[in-house]
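**Student:** Dumping what TrEMBL says about this protein:
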| type | residues | note |
| --- | --- | --- |
| BINDING | Lys150, Gln213, Gly245, Asp276, Lys419 | UTP binding site |
| BINDING | His246 | substrate binding site |
Amino acid sequence: MSFAKDFSKAMSQAGPSQFQEVIRQELEYSMKVELDKILATAPSNELEHTKNDLEGFKKLFHRFLQEKGPSVDWGKIQRPPEDSCTVNFQGNSGLTCLKQTQTSEKDLIQPYEKIKARGLPDNIASVLNKLVVVKLNGGLGTSMGCKGPKSLIGVRNENTFLDLTVQQIEHLNKTYNTDVPLVLMNSFNTDEDTKKILQKYSHSRVKIYTFNQSRYPRINKETLLPIAKDVSYSGENTECWYPPGHGDIYASFYNSGLLDNLIAEGKEYIFVSNIDNLGATVDLYILNHLMNPPNGKRCEFVMEVTNKTRADVKGGTLTQYENKLRLVEIAQVPKAHVDEFKSVSKFKIFNTNNLWIALSAIKRLQEKNAIDMEIIVNPKTLDGGLNVIQLETAVGAAIKSFENSLGINVPRSRFLPVKTTSDLLLVMSNLYSLNAGSLTMSEKREFPTVPLVKLGSSFTKVQDYLRRFESIPDMLELDHLTVSGDVTFGKNVSLKGTVIIIANHGDRIDIPAGAVLENKIVSGNLRILDH
């Protein structure tokens, strides 16, 4: 039976009503019946794990039915108080403090330069030994035309995202004689392939642990009931299940038992980031600020934010809401205020998803069922045309549940995500140098910002992208690159200023080896034939 349309109509009416409650109860009962049927198909060795997953989904579904309209009252949103330190980007040094006044404890966002100015203690090794690095590793490389985990895509000198992560932590452990472990939060999509590849790191100086985020059932948009009929997720059932966003880290980390084990080993903080963010390396200054706070009161949650550009206007922003820090995503904003939310002048920062969280706080809040995260309703259309929805949460949204939370405005260099082949071109180029797994912008680059690169659909898949470059162009003096259509690049090409290359349909452009393009528009048909 379908209640979705009646429920939607009821929810749109102002105020609570008996009708709304009846529809809710019917939906919850129908969902429980369907989930019980699915659970009954679980083999005995998967029963407990499947039960935990479905219980977690049931709670999320219950909250989904309870919520009405945007989850924030726009009138209560304020820009959070910031330290009055003006920041200015200067080369690779990051931020330079131009003006500083006395900071109060109510300054909810601190400039990175102030954190860095405190220096490092002599016993930095003891501080590092309290840290665990957690990488969100649930994503597939499908958006870039690759099969399997995204973390296994080669990004620099044949090194994958995972290779670079392991190299970074191994360098820390060797340099400071420490034992910082790496934890990967996999999904059911990435777990098997990731575990196979981990064998190659068996002799590295990094302990690597994994746990799986939950597996939730997709629900039919019309009926609001699961499309899965059993627990299997292969064959026809592949599209029936989904990993419910990185906000699931708190429950799945706790349920895995790994959280308790790490606390027992004396670990105190996790540094969480997306595995495809190559700028998200362990920062000793931020770690020291957490472990040795100037006012003696430790933060339970730190979110790294950075200054918005026009490319970031849809990113979640950190606000002050009812005297606490709160992450606001564009999906939560009432339609009438979306343009205001996107304003670079009003909301100047956005969330990098680099987070530092106290392990003891996660345990306390998880046991009290007190972690509150807004629900993200993610609509999808499956290959057969069926419209479904996924209920998800975001890890940063939990910031309001933690005590003494803080935002730190970090240099843009700590946000270097690789979501597309346009991003891949930047990190593979001579704009960056690679050292111990970390990418650093070249000192030869006169500007601290990266060029704006837009590669067309012919470059979307990694395999096609690599075939179109005989070698990666020199981009040290590039400001903007747009490429569209059937275009290839020869060896040792140099791009400077603004370069636009457009091959119209049916045309092909071959940029010859050694070509220097500076402030050029190339269009039409250009082929260099071998002779």
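Glycine is treated like the rest: Cβ placed from N, Cα and C.
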**Student:** Measuring CB to CB from Gln213 (UTP binding site), give everything in the same chain under 8 Å that is also at least six residues away in sequence.
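**Tutor:** Correct list: Gly138, Met185, Asn186, Ser187, Pro243, Pro244, His246, Asp248, Ile249, Ser252.
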**Student:** Write out the long-range same-chain contacts of Asp276 (UTP binding site), meaning residues 6 or more apart in sequence whose Cβ is under 8 Å from its Cβ.
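**Tutor:** Counting only residues 6 or more apart in sequence, the Cβ neighbours of Asp276 (UTP binding site) under 8 Å are Gly139, Lys150, Ser151, Phe161, Pro417, Val418, Lys419.
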**Student:** A 10 Å Cβ contact count, applied to the binding-site residues Lys150, His246, Lys419: which residue has the minimum?
**Tutor:** Lys419
**Student:** Including all protein chains shown, what's the count of other C-beta atoms within 10 A of the C-beta of Gly245 (UTP binding site)?
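**Tutor:** Its Cβ has 23 other Cβ atoms within 10 Å.
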**Student:** How far apart, in angstrom, are the most distant Cα atoms among the UTP-binding residues Lys150, Gln213, Gly245, Asp276, Lys419?
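**Tutor:** Result: 21 Å between the two most distant Cα atoms.
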